[in-house]
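*Asks:* After the structure tokens below, expect a handful of questions from me.
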């Protein structure tokens, strides 16, 4: 039980109450009345025999007259509004304790274990080691002989790395360098110091090059460095066009090669690169690798391989000929190609158009094929272009941006020859076409074409009618320019551009005037969606059949829309955003041509009038626009499976009324400089600290 002692001093008594424990050393403050605000002395006293405290120390003005204790009851406390308990936390306490432990280790005080490593002794405190390392905890707590030994020998472990790790345990700091990272990963793995293993992987991830990529793969497998393997695969995928040609590439394991070839972001020039890589890898050691050929062949996305290559290279290859399963895969693909189906290709952006057919030399694999092999490679999936439009300053743009799906970023490409807002943009015959619009002074009939292979725009024949708010689409390398408006008229006229002849002609007018109309192609039909007739925004739609040169009404949308974005994905037509008669819209709809029916989709995160829309990679992208207050540079993409919009990489310019279209181009064609292998090397002697 606690005892409270009274200390009475000299002729000037000062009573101090001190809580002590029986037989426990304590401190009593001796203070005289005259100097109680100036001086204080602390003298050790001991409770003796349970009833008397004594000391021989002098205090202040005289000797201690007497010291006695009087046990008494503890005073009563009553709970108040602040509660009956106060929790106190000192967040600095643990760090102060570790600082003291570090000092104790430096001075070799209270050290109770010696680690003998390669003839060197490292002194430490076993409780600290056990708390930091599961390896040491097991050694010191599981009845092992080391529990009672002062000196413990660690065999076959580098002394330097053990010393670095023990220092880290006491200091929370470690310097990882090119010279010690291999030993640190090994030692940290033995000592089960996962945090150091992860840090070493992070350091090595910054050192990956096309030259050490394969050896790091092997190293990562040995130590099960899953984080590093992921970083290596990302690097190898982005640099695949380079590393597949290196002599070291053939050393890659089957498991890693298969994982790499399955990636949609694999950077290839053509899908043929994948087949050639498979053959190269198997042929480097056919006796041990030929049995892997079928599994690797299944990573090949046959719908991306040209017919000529399929027949001449793939079908004639000895590994393919000797595999019944490979032959069956090819036969199924050919049979599927001969059985047209409107919605076989979940990734199609321009189904059944000449541009799409040109980009997809083979139709898709059968529905029974794995999803990963029935999709595009991002590097050969084409690009979305965003051209012209206008921003806050009011003047139209001539600038053009292209979306790199693999890198999830927009890049600048050469400007158009003219500034154009509310311009029509479409891809056809390997080129990108910009048609009509307004240049800030006048409505335009002019048109121009961009050739990705030489990164240049050129003039083409002008339309018969100058107009903005025009929509364009292509069928069989023929471009149709639909509707639009000028300062006095909303048009229902439609012009047809013959790419071969570089000549415009007129076709049948639409039933309704449509300025700010959206158009898209499904099969052999051209669809005109919404727009404005000069009086109000429209919900009506119609379909054009070039074979008979006639328009036909189809089901109306659920919302009036002008300046909306329209595209096709998986055989469905999407109408996104736009303006009604009052404000920009965030609503979206999808049209099923088989059922002649519109359904409502998930709303975008923001209203977007004058939005540009295109499909890529199985998703619909809504680009820029105006939300009623501001011009936007934000981009959203719609996942039809999840019925959900998600943000995507932003365009560089805030713009509305831009022309947006998907085109079958390779991103490396659009770069100002040729794509090079990325060495990723860090400076010599580089280090990584945690």
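One-based numbering along the chain as shown.
Yeah, the Cβs are placed from backbone N, Cα and C, and that goes for glycine too.
Not my notes, these are from Swiss-Prot:
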| type | residues | note |
| --- | --- | --- |
| DOMAIN | 111-178 | domain 'BTB' |
| DOMAIN | 213-314 | domain 'BACK' |
| REPEAT | 383-430 | repeat 'Kelch 1' |
| REPEAT | 431-477 | repeat 'Kelch 2' |
| REPEAT | 478-524 | repeat 'Kelch 3' |
| REPEAT | 525-571 | repeat 'Kelch 4' |
| REPEAT | 572-618 | repeat 'Kelch 5' |
| REPEAT | 620-665 | repeat 'Kelch 6' |
*Asks:* For the repeat 'Kelch 1' (383-430), what's the model's average pLDDT?
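*Replies:* Reported value for the repeat 'Kelch 1' (383-430) is a mean pLDDT of 96.
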*Asks:* Any chance you could find the range in 478-524, 572-618, 620-665 with the most Cβ pairs under 8 Å to the repeat 'Kelch 1' (383-430)?
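*Replies:* Checked against 478-524, 572-618, 620-665; highest Cβ contact count belongs to 620-665.
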*Asks:* Counting each residue once, how many in the domain 'BTB' (111-178) are helix, strand and coil under DSSP?
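*Replies:* Its residues divide into 32 helix, 17 strand, 19 coil.
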